[in-house]
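Feature list (source: TrEMBL):
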DOMAIN    B:23-527  domain 'Cytochrome oxidase subunit I profile'
TRANSMEM  B:35-56  transmembrane segment
TRANSMEM  B:76-97  transmembrane segment
TRANSMEM  B:118-138  transmembrane segment
TRANSMEM  B:158-186  transmembrane segment
TRANSMEM  B:198-226  transmembrane segment
TRANSMEM  B:258-276  transmembrane segment
TRANSMEM  B:288-307  transmembrane segment
TRANSMEM  B:313-332  transmembrane segment
TRANSMEM  B:353-375  transmembrane segment
TRANSMEM  B:387-411  transmembrane segment
TRANSMEM  B:423-446  transmembrane segment
TRANSMEM  B:466-487  transmembrane segment
Amino acid sequence: MANETTKNQPARRSNTRVIGWCLSGVVGMFAFGFALVPLYEVFCEITGINGKTGGRYEAGVTQQVDDNRTVRVQFLASNGPGMTWEFRPVVRSVDVHPGEVISVNFYAANGTDQAMVGQAVPSLSPSEGTQFFHKTECFCFNQQPLEAGESVEMPLIFIVDRDLPEHITKLTLSYTLYDQGKQAEVSRSAQTQTTTNNNG
Amino acid sequence: MSAVADTHAQEHHHGPAKGISRWLLTTNHKDIGSMYLMFSFAMFLLGGSMAMVIRAELFQPGLQIVEPEFFNQMTTMHGLIMVFGAVMPAFVGLANWMLPLMIGAPDMALPRMNNWSFWLLPCAFLILVSTLFMQGGAPNFGWTFYAPLSTTYGPPSTTFFIFAVHIMGVSSIMGAINVIATILNMRAPGMTLMKMPLFVWTWLITAFLLIAVMPVLAGVVTMMLMDIHFGTSFFDASGGGDPVLFQHVFWFFGHPEVYIMILPAFGAISHIVAAFSRKPLFGYASMVYAVGAIAVLSFLVWAHHMFTVGMPIAGQLFFMYATLLIAVPTGVKVFNWVTTMFRGSLSFEAPMLFAVAFIILFTIGGFSGLMLAIAPADFQYHDTYFVVAHFHYVLVPGAIFGIFASAYFWLPKWTGHMYDETLAKTHFWLSFVGMNLAFFPMHFLGLAGMPRRIPDYALQFTDFNMISSIGAFMFGVTQLLFLFIVVKCARGGEKAAAKPWDGAEGLEWTVPSPAPYHTFSTPPEVK
Amino acid sequence: MRVHAKRAVALAAGLLLPVTVMANWTMNMSPGVTSTSNQIYSLHMTILWICVAIGVVVFGVMFWSIFAHRKSRGFKPANFHENTVVEVLWTIVPLAILVAMAIPATTTLIEMYDTTESDVDIKITGYQWRWQYEYIDDDFSFFSNMSTPKDQIRNRQAKGENYLLEVDNPLVIPVGKKVRFLLTANDVIHSWWVPEFGVKKDAIPGFINETWTRVDVPGTYRGQCTELCGKDHGFMPVVVKAVPEEEYNVWVAEQKEAAETERRLTEKDWTLEELMERGEQAYATACASCHQADGTGLPPAFPALKGSQMALEDMAGHIEIVVNGSPGTAMQAFGNQLSEVDLAAVITYERNAWGNNTGEMVTPKEIFDYKNQQ
């Protein structure tokens, strides 16, 4: 630490310089605190440590299906605080061969008397499986608006990677549906370009 | 800020101003040091009285004295006040008083900033304490303020809490810059880095830690502020954020923070043990390297506070190994202190009593820390009273006893009088017994399964809680005796020699007692 | 100084004497009833004894110095202050001890993380301040609330044996089977802990965590939430009943049937009295911790229901707020937490208790329709 000061005559050095260095350290560390947010996200994406599954998977080559191995994929659905929609997977679980393209549906129904917007947030367990779970289509990519009393079946299309570590035999994919009511108007217009799951 | 940089040279050579303006406008390191110490003691009593409320409620099972909401406010405020109001300012106060005297400097490098950084503190704590009287009450989410309990579910006063943390952060950062500038630029001729007293070394490293992590704390509370008021979702899962991210950022600050609270005590204890062993400190160089190693490692272990959040196994293992590694330099320090005592010529005045208790009890806290580092076992210890016992064992006999030891050691230099040795020893023994009575049973409570931060508990925890409360009351009341001893010592008593301890070494003992208002106007020569 | 120490000890001993008579001196971790908890226990004891051994050596040297090398005995100080061999030695030896310690810890950890090949999967959701258990494969779920009466907590009644550690609906698991827990939370972070299993895991809103246990000894095991989660953090216990497999299967069948009955109850014709009776119970578990048993609430955060305009007049608003909650306040949406019957009963109760004698009643069918049709 601070080797340059080991000289015998350290007194009367410039305080301005020390302050300058310290302040740049302070500013740097403040920025670093904020940089931790994207850094953590990137880190999670690479390692999957928080179980948050990634965005749309654009596979260049279709994977060979590994018929010798079966992985059970389990689906869970939860509602966030104050979210009154009925929300559940249509099937509780499916057995898949790694490499296979699988399509399942989640059911959501808005039982209230007003139009609302929901946003599903995914989480996968065990988290080390995250990077081997590829979604080519997911309702969680978009917000989901529903009119009062409207219901919808929302698709999820995924591939379990052939490189999934051997010891993982079961993956649990959980969605939590959050009320995004406030943004109803905005997202409804945004929805029109992106959605593929509008059957309501 | 650079305007205040080079003003210390001219304006000395006069006594203290009279009246209130002496304290409001002072740029004298001794005055500011005294103010820091007095402020921190006031906060120690305030935070302590909150601990008394906690222990009174926990004296028996059932809700007797306070409601759970208020109980949570008490645990939160107790933690915040003790960490940021009592321990940290006390060390800054010691640094203000002693660093210039130890390195032969006339004052701190940036005296006006010094004044400013002190006066920010009462403002910050005025804001923090005033939250107790706000609608919805004070912060009630623990001193670690985990999101989303502190963001989406926090009381309205959270905003004021954030503001207070910002102000005290600015104060700490300015204090740290001042310490670094003083140590790097103001040492007497001939005092090379490896000739610096250990207290100076530990403070230099502490100051670097402060500069590194206080901005991160400022960052994390700023993110909270944005989540609460500006619709961002850093920590809100519904907006794509991650509550666990909060814990990562918080503990990236939080773990170095615990070393900030102990490293200066390491330095002071090293002086005291050597002085009362009448023998040079064993392994000075390895002490310096050990402190450096602890500081560096402290940035690599933060997630051991988070073993139960569901990190993947690779993460668990990394943080377990890194944490175990910290035991090595910490062990080196303890071995050095013990070896310093070995074949010395020991006497046990109050500073030495506190220092010996520091070594023993801090080591016990280190042992429980080692146990907590074992990740699988941590699944049982985590967030139980075992953890409460652990960190009180490192902070009370560590930081607080370190401060008491330093205070008794340097009081003759500050006041010019010897303190009352009998009373001081009484203070020590009552503190020692009270502290152990209060915190040792908490190990048992935690192992038996009592979670922390609960206002009421199952019946099998009754006995140890009762003992613990008795010990806490004893410890708490005893601290009033310390106030009495210090006041008595300041007002009179046996005149202290320039060097009242025959084994003590260092420049601070070459100036008369009490230290004149201005010292080392001409720098001494260090050989 | 000795005198003071003795006095202090005497004082403390005197104060503690009455306590020791009724003492419950559980001082150590329980070895527990699973292989995980047993391994943790043995790790705990190993590291504890290592610490004790190091402590004996270090403090031994220290106390020897304290007694033998005193100035008052005229001991002349030595002057050594360095010894490279010793210093290297006491860096290497602790390192070796730590490595020796890390090895079994790593093995245990790897085993704890092996959640594969489970027999039963249960989703655990933390709410402020109750747990929800969902049996994923069997399609039923229920809430588990603390059942200790307020009177015991407020010291108006003698405390029961399992004070604060008892619930209305415990989690039931089969013995000898690997049970996998999937944890998440609805509002804030909670943490699910059963000491006897050696299982503790955080339940984090929006994220799913997993852990597992295999209990070999039938029995009732108690734990608590261990992550500060607000006002009633100390009042959300975990109770798990481990039962033999046959018993478990019977219980599961009963639960499924009960869920079916619940559905039928919704159709039944209810009287005001029946709803009031049921409502009082439901109110006590779901509402009373905030709005208080006597309906006076804890203003401003938890408004009074007794005499409130909403409970006396605004029926639609009353149903709306109970079912959907009130965003931005502490009022949760109970629509998914309580059954239709309980929702109807609670609302009816709130409109007729404590002098709110509106005489109005809400039927489960109305709630059912409200939730489904609009």
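Every residue gets a Cβ built from N, Cα and C, even glycine.
A TrEMBL annotation is a machine prediction, not a hand-curated record.
Between the transmembrane segment (B:35-56) and the transmembrane segment (B:158-186) there are fewer than 3 Cβ pairs closer than 8 Å, counting only pairs 6 or more residues apart in sequence, which means the two stretches are not in contact. Listed by sequence, the residues of this chain that lie at least six past the ends of the transmembrane segment (B:387-411) yet keep a Cβ under 8 A from its Cβ atoms are 37, 44, 82, 86-87, 90-91, 94, 97-98, 258, 261-262, 264-266, 268-269, 271-272, 275, 349-352, 354-355, 357-358, 360-362, 364-366, 368-369, 372, 381, 417, 419, 424, 427-428, 431, 435, 438-440, 442-443, 445-446, 452, 475, 482, 486, 489, 501, 504, 508. By number of Cβ pairs under 8 Å, the transmembrane segment (B:288-307) is matched best by B:198-226 from the list B:76-97, B:118-138, B:198-226, B:423-446. Simply put, out of B:76-97, B:158-186, B:313-332, B:423-446, B:466-487, B:158-186 has the most Cβ pairs sitting under 8 Å from the transmembrane segment (B:118-138). If you look at the transmembrane segment (B:198-226), the same-chain residues 6 or more away from its ends with a CB under 8 A from one of its CBs are 91, 94-95, 98-99, 102-103, 145, 147, 150-151, 158-159, 162, 165-166, 169, 172-173, 175-177, 179-180, 183, 232, 234-235, 246, 249-250, 252-253, 256-257, 259-260, 263-264, 266-268, 270-271, 281, 284, 287-288, 291-292, 295, 298-299. Remote same-chain partners of the transmembrane segment (B:313-332), defined as residues 6 or more beyond its termini with a Cβ less than 8 Å from a stretch Cβ, comprise 283, 286-287, 289-291, 293-294, 297-298, 300-304, 307, 366, 369-370, 373-375.
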